[in-house]
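First up is the structure itself, then whatever we jot down about it.
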Amino acid sequence: MGKKSSDPAVVEINDVDELELEVGEEVTSKKKKKEKEIRTIEDLPGVGPATAEKLREAGFDTLEAIAVASPIELKEVAGISEGAALKIIQAARKAANLGTFMRADEYLKKRESIGRISTGSKSLDKLLGGGIETQAITEVFGEFGSGKTQLAHTLAVMVQLPPEEGGLNGSVIWIDTENTFRPERIREIAKNRGLDPDEVLKHIYVARAFNSNHQMLLVQQAEDKIKELLNTDKPVKLLIVDSLTSHFRSEYIGRGALAERQQKLAKHLADLHRLANLYEIAVFVTNQVQARPDAFFGDPTRPIGGHILAHSATLRVYLRKGKGGKRVARLIDAPHLPEGEAVFRITEKGIED
């Protein structure tokens, strides 16, 4: 008992068992090695040089970018089947460690690394849990003159400050749809906050969007600028769209065009979310309001964009004019903050208490 049998047949069987075990271990080892070897998009299953080139041309040049894409997107840009696109995305997610479950305590630690940009107003910062968050879309809506664009100008200056002063040492991308960006106002805010106005202007990249298609294209081009500045001392940390819905509203009129408009707006918001999460930037969008003829009580206005925008924005803030030239900000929706209000002023410093 316990001794190895001298029977040749038994020895042979034992040897085969050991051989199969070794082969099994070798296959497992090779499989693990193969999984670890996915470093570039060419390493993904089904991605050859031609497909890789098409993906790169469309902006999908990293595993992370592919991991957060949709199968339909890859199908269109690479000319592959939806099934093949899904396999590529799943492999990219696994390689980039995206789309997997995480313990809540680990997720809490991850959220602690989220950056926040001061608005310039302590009361508004407190309402927003410390400022405008990175990895999120903050929507601010209100009537003309409520302070939406003034807040955007202030944030474009504040984000360039060091973290201890309320900034993120970052650059800004500004997509202007209504010709409301004013470099003169940036200079004024920067000067009154003790900054070099010329240096501040150098780190704001502005593009005018002339229609909704152009607006969506500029978001894609914004990613190129984000990548270009990624490893510099002033990476992009804030993307502003002022205003988000004006072109969509003017181009798609009537109930017959509503479905197409909302579908297009949903795609636009998905692209903004992808940039916010992939590059850890804050996305700040302004929105207009429209009258509610059926409202007999309460506020007679509502933001444009419907349920698509309501569910896509991480935080929603309603601005209105208050007494004595002051402005009132009301936090309408946030996943981690209670509703509340903050009062601020618009001065030569931009937004302040």
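Here the Cβ of each residue, glycine as well, is placed from N, Cα and C on the backbone.
As annotated by Swiss-Prot, ATP binding site applies to Gly142, Glu143, Phe144, Gly145, Ser146, Gly147, Lys148, Thr149.
Feature map: annotations from Swiss-Prot on the structure.
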{"residue": "Gly142", "record": "ATP binding site", "Cβ contacts under 8 Å, 6 or more apart": "Lys148, Val289, Tyr318, Leu319, Arg320"}
{"residue": "Phe144", "record": "ATP binding site", "Cβ contacts under 8 Å, 6 or more apart": "none"}
{"residue": "Gly145", "record": "ATP binding site", "Cβ contacts under 8 Å, 6 or more apart": "Lys321"}
{"residue": "Ser146", "record": "ATP binding site", "Cβ contacts under 8 Å, 6 or more apart": "Leu319, Arg320, Lys321, Arg327"}
{"residue": "Gly147", "record": "ATP binding site", "Cβ contacts under 8 Å, 6 or more apart": "Leu319, Arg327, Phe344, Ile346, Ile351"}
{"residue": "Thr149", "record": "ATP binding site", "Cβ contacts under 8 Å, 6 or more apart": "Thr180, Asp242, Thr286"}
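Apart from the site residues Gly142, Glu143, Phe144, Gly145, Ser146, Gly147, Lys148, Thr149, the chain places the Cβ of Gln150, Leu319, Lys321 no farther than 8 Å from the centroid of the site's Cβ atoms, the recorded ATP location.
DSSP classifies Gly142 (ATP binding site) as strand under the three-state reduction. In three-state terms derived from DSSP, Lys148 (ATP binding site) belongs to a helical segment. Counting every protein chain shown, 24 other Cβ atoms lie within 10 Å of the Cβ of Lys148 (ATP binding site). Within 10 Å of the C-beta of Glu143 (ATP binding site) there are 14 other C-beta atoms, taking all protein chains into account.
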